[in-house]
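What follows is a set of notes on a single structure, which appears directly below.
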Amino acid sequence: RRGDRPDNPFSEDGSVDFGALEALVERVTAGGADYLVVLGTTAETPTLTADEKEAVVMVASIRKTDFTGIDAILTVTPYYNKPSQEGIYQHYKAVAAAAPCGVVLYNVPGRTGVNMKAETVLRLAHDCPNVVAVKEASGCLSQAAYILRDRPEGFAVVSGDDNLTLPMVALGGDGIISVAAQAFPEKFCRMAHLALDGRVKEAASLHLQMMEAVDSLFEEGNPTGIKAALSCLGVIGNYLRLPLVPASDRLVSKIDGLLKAYELR
């Protein structure tokens, strides 16, 4: 399945642009997204107030956070204090015990400073019935492969890296929580669904078309690149909250050129 982690559009005055957010949600769902992941990294969540977070959840067509209608929570590994693998395990075990719904592990060492090893993921998957999936964004296919080989039945493994979607699905993965699909939802969703259907050669053709454009979205960090792309497409304004700043003119020009060159508009 192919999910999307929507951006949070801002107005020029720094307030959340809820009208643009509604349009973005409609764009990605119409493009073929199977589910939404709200209030993630791409949404600049650390810069939002509690009231803004609640309003964003409402706009995303999900009820207030009493977890009614929510399938699972995506929870990142503990960061900054860099816990041991045992510490990560105990943390997630406590989260799972308290959670009123499914728990999706999120491994993104490039942001947290700590890698949750395959052994730890598998231990949690086997020991905690409501730990239902992992978003694997270590960038290491061999780590994902070990999880895929030894996971219990029903435990999902989804890519957290857009350009690793195809190889991870080819190994048996279950999809992607995507950034890039906000910019070109139909083509990206088509690629993911082809891969999940086992039509790898057709998926590879689309993957290669999008590859350079996808890479460009991360040159100056996320969500800087995707906001530049969505601005080029006229979907949202190119406004971010500090400490993030808009993409450089060079990158905006590059992204715009790639969107045109590969007919991703």
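For all residues, glycine too, the Cβ spot is worked out from N, Cα and C.
What TrEMBL records for this protein:
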{"type": "BINDING", "residues": "T42, I177", "note": "pyruvate binding site"}
{"type": "ACT_SITE", "residues": "Y106", "note": "active site, proton donor/acceptor"}
{"type": "ACT_SITE", "residues": "K135", "note": "active site, schiff-base intermediate with substrate"}
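Every protein chain considered, the tally of other Cβ atoms within 10 Å of the Cβ of I177 (pyruvate binding site) stands at 29.
For K135 (active site, schiff-base intermediate with substrate), other Cβ atoms within 10 Å of its Cβ number 24.
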